[in-house]
Amino acid sequence: MAYPFQLGLQDATSPIMEELLHFHDHTLMIVFLISSLVLYIISLMLTTKLTHTSTMDAQEVETVWTILPAIILVLIALPSLRILYMMDEINNPSLTVKTMGHQWYWSYEYTDYEDLNFDSYMIPTQELKPGELRLLEVDNRVVLPMEMTVRMLISSEDVLHSWAVPSLGLKTDAIPGRLNQTTLMAMRPGLYYGQCSEICGSNHSFMPIVLEMVPLSYFETWSALMV
């Protein structure tokens, strides 16, 4: 869950988000070391009185600053590619949910059930109850079982949208005429908030997403009541 004046990423709830956080820290450390080295060299160049005017080239230095950046890029690319392949893998999902973006709300369909579908609209500010979050609460939450692989099929009825839930490491474009897919798995129960992350018109900011992750027994009870 995000909080005011937050500077870092949200706490990870899924294995993919855990991997993304580790990759972020890994890459940030490399960038920090490179920046420190460059600033150190610049400070030396600005403060030293020594000059080396007789040397026109230095092959050893050129070799180092050619090979070293290549090694650094490999160290960044390999874990990045690993995570990309992990995000694309969809192995035997336990549940499939289709979501469609509209101006300006989301609709959901549980394809494993005959008649389980609903629209999800933002609750206006004047109708919020004490403790509820402005611009993030919806009238119908997406209830899903925790610790199970869920496949999301995402598309749009009108313009470009983007279905994003940061704490699960999810962000998939909803494109008219195209069906994109992604998977999610929450490791603990709770409410997880997201929003449309693609400018889609005047009410773009009023398309929240709320996932309610519950144990399987609670999900089965909820789905039986909804059907």
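Glycine is treated like the rest: Cβ placed from N, Cα and C.
Annotated in Swiss-Prot:
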type	residues	note
TOPO_DOM	1-14	topological domain 'Mitochondrial intermembrane'
TRANSMEM	15-45	transmembrane segment
TOPO_DOM	46-59	topological domain 'Mitochondrial matrix'
TRANSMEM	60-87	transmembrane segment
TOPO_DOM	88-227	topological domain 'Mitochondrial intermembrane'
BINDING	His161, Cys196, Cys200, Met207	Cu cation A1 binding site
BINDING	Cys196, Glu198, Cys200, His204	Cu cation A2 binding site
BINDING	Glu198	Mg(2+) binding site
MOD_RES	Tyr218	phosphotyrosine
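Locations of recorded Swiss-Prot features on the structure.
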residue: His161; record: Cu cation A1 binding site; CB count, 10 Å: 30
residue: Cys196; record: Cu cation A1 binding site; CB count, 10 Å: 25
residue: Glu198; record: Cu cation A2 binding site; CB count, 10 Å: 18
residue: Cys200; record: Cu cation A1 binding site; CB count, 10 Å: 21
residue: His204; record: Cu cation A2 binding site; CB count, 10 Å: 17
residue: Met207; record: Cu cation A1 binding site; CB count, 10 Å: 27
residue: Tyr218; record: phosphotyrosine; CB count, 10 Å: 15
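Within 8 Å of the Cβ centroid of the Cu cation A1 site, not counting the listed residues His161, Cys196, Cys200, Met207, the chain contributes Gly101, Gln103, Trp104, Trp106, Ser162, Ala174, Gln195, Ser197, Glu198, Gly201, His204.
The average pLDDT for the topological domain 'Mitochondrial matrix' (46-59) in the predicted structure is 71. Each of Gly101, Trp104, Val159, Leu160, His161, Ser162, Ser197, Ile199, Gly201, Met207 belongs to the same chain as Cys196, Glu198, Cys200, His204, is absent from that list, and has a C-beta within 8 angstroms of the C-beta centroid marking the Cu cation A2 site. When Cβ-Cβ distances below 8 Å are used as the criterion, the transmembrane segment (60-87) is approached by residues 16, 19-20, 22-23, 26-27, 30, 34, 169, 182-183 of the same chain, each at least six residues removed from its ends. Long-range contacts of the topological domain 'Mitochondrial intermembrane' (1-14) within the same chain: residues 20-21, 24, 166-169, 184-188, 190-193, 213, each at least 6 residues beyond the stretch ends and with a Cβ under 8 Å from a Cβ of the stretch.
Nearest in space to His161 (Cu cation A1 binding site), taking C-alpha to C-alpha distance over the recorded positions Glu198, His204, Tyr218, is Glu198. Between the C-alpha atoms of Cys196 (Cu cation A1 binding site) and His204 (Cu cation A2 binding site), the distance comes to 7 Å. Geometry remark: His204 (Cu cation A2 binding site) versus the residue listed as 'phosphotyrosine', CA distance 32 Å. A Cα-Cα distance of 35 Å separates Tyr218 (phosphotyrosine) from Cys200 (Cu cation A1 binding site). Glu198 (Cu cation A2 binding site) carries neither a helix nor a strand DSSP state and counts as coil.
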